[in-house]
């Protein structure tokens, strides 16, 4: 009737003024036009003026409103028609029941079910299916199943509604069994079946069935459906196959916002924060407007990137998109700002929210807890209650964490009583938080009683009680509980192992401790740093110090607790020299001592007074903290005390001389070392060769090398490296060949030195030969070897060959390797390769200003000013600044 949206309101006025509003034919056409032109509000306001609506008009209204998801308005239309005795038919009820299901209006839905029964429409299969969907979505899955069983011949739509209900209510096993049941009945799954069953397969770990359904979807040609792709992406991500999920995402030609959201959520779930953020940027570039779920999906990636810049950029995007009024989005931002440590920003944003829900308050309270602001979190919890919000399980977990930290036993018990009264004490997260609260407040018996009353437990429940027993010194109970966990097939994770290991602290417990170590290796959890630290402590307390030391040395990554664990073991066994030696080794890794370190060191300092071990430790600290002159001064003080330096003292002194780089000091130290007889030690001799080479005395270094009676690979390596430092690549190569002829096998350090020498001298052919010989000698090239080769090829203009090496790397390239190649691209003006390498560098380290500056210079040299300006905008947008170079005049 109306073909232009501007004509709708005038035409409505025309109908009212001329009394045509009751003309059923005219009115029907007008309302149909309203829905067609996307104006359901005008249709609804027109309907409100009608005194005697017909059944056909009612059906037109509910169908139109349903297409716009206006479920509350559907119920209004239905109730008005019912009051006015307007009959409903089998076309009306499915839409009205769907509205009740979507709104969770269980009471209204039950009344409509009664009307359906009274009017005899209960045999209509469409209405029956709608009722199944309604009861299932409202958590009444048993009633839904009974309704399906009463249908004489239920179709696939009915079964799909029940499967969806099971899945929605977390009844994954029931959903999967029902799927198998309908397959045995001969039903072929359709798109809706697959979209409901695939998430169930993901939850149950039945990825094989999910992949079969994927194959079936491909066969039926709806594998790229926007309805199905998100479920498939989630399935592959759950199966740790992110690459397949990405290929599936890329294969969808026209992606809607739901597909984009599913892939972003997958990246965020797998801690691929940078990839998630880049995907979000690409979505914007493709003119896909983000919705609320987009922002909620991407925001956790900002927390993982630990960069406020990313979060602020997203916040600006939300404001630009006009989504700043969405409570769920603002709540996610409150959580993000709090987790990044910007509590003031979180508070400011929270205070500006026009409307808040329970999730908003939970985000603020948990944000305070995350930042250790216990009093503030308690105050926010009280304000939440004053605002009329009843705490849920998330609120209670946060409150109990606060009570544990503050020792607020009375408040915690009140929270427990509240949980019992509200029926949320059966929530597993709440129960575990209560266990931890009672245990932390030294009420272990209450914690144990609660544990035994829990209907369901997980490994967190068991671990909480186990750690409580250990902290309370109840070793026998802890051991019995650990045995019970193993007997009941409870998953023994890293936390379990760390909790139970302290009970094995005697020599006779070594066997049990080793059993736990073996179990950890078998389960693949022994790589966890905290667990290895606990194992070191166990071995030390049980008297096997060598095992503790080997564990420390084999750790790929050590933290301060690792060193402290072994240091404590040495101290307990009164091995004071080993404690000081370990302290010196620790400072080499630039580990800053904490109070536990000092508790290990200070008593020994008092015992040793000013023994040589203490002097060695002090000198080692000075050297490792780049305070070389102070180390030399300490050595002079040592000589005045009358204590005799040992080889550790001399090694620290030589290391200090390398930093000072004084020819006079070098000669004096070398004379002292030789006079005192330390020159016979191969380690000291190698250090002297390195010292002279680094201080410019390459001839002296060569003479010292020639005087060595026995040469190890380190001796050859330090002199080769010396020639490299002096730019004499040919001499380094000659020495390398001499080393091979003498029967000494080069190690990875030697290869690194000679490759670096070739790089500085531009010896490409020789470099290639040496690089290829690394694997031939049974040595796996490290990233440093690849970096040297890339640097050599880059310096000499072989950029394509350097790029081939980057492509064939066994792992991700290091930043230094890529920076070297990017610098070569700038030198030789290779813009295409420079772009590629620059993007890789920025992906590895997006906060490194040097990468942007080099890329900018490449574009500028090629006069590609648009690209150069884009890079400069990125630098300014990310607030990066290039650190200025400087020189020291000594």
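These residue numbers are counts, starting from 1, taken along the chain as shown.
Placement of Cβ uses the backbone N, Cα and C atoms for every residue, glycine included.
Here's what TrEMBL has on this protein:
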- 155-189: repeat 'PPR' (REPEAT)
- 256-290: repeat 'PPR' (REPEAT)
- 357-391: repeat 'PPR' (REPEAT)
- 458-492: repeat 'PPR' (REPEAT)
- 528-562: repeat 'PPR' (REPEAT)
- 712-746: repeat 'PPR' (REPEAT)
- 747-781: repeat 'PPR' (REPEAT)
What are the DSSP helix, strand and coil residue counts for the repeat 'PPR' (712-746)?
26 helix, 0 strand, 9 coil
Is the repeat 'PPR' (712-746) packed against any residues at least 6 beyond its ends, judged by a Cβ distance under 8 Å, and which are they?
682-683, 685-686, 689-690, 692-694, 696, 698, 701-702, 705, 753-754, 756-758, 760-763, 766, 770, 777
Please indicate, using numbers and ranges, the residues of the same chain that are 6 or more beyond the repeat 'PPR' (256-290) and have a C-beta under 8 Å from a C-beta there.
226, 229-230, 233-234, 237, 242, 245-246, 249, 297-298, 300-302, 304-305, 310, 314, 317, 321, 323, 843, 846
Of the residues in the repeat 'PPR' (528-562), how many are helix, strand and coil by DSSP?
26 helix, 0 strand, 9 coil
Secondary structure content of the repeat 'PPR' (747-781), with strand meaning DSSP E or B:
27 helix, 0 strand, 8 coil
Using DSSP, break the repeat 'PPR' (458-492) down into helix, strand and coil residues and give each count.
26 helix, 0 strand, 9 coil
To what whole number does the mean pLDDT across the repeat 'PPR' (528-562) round?
90
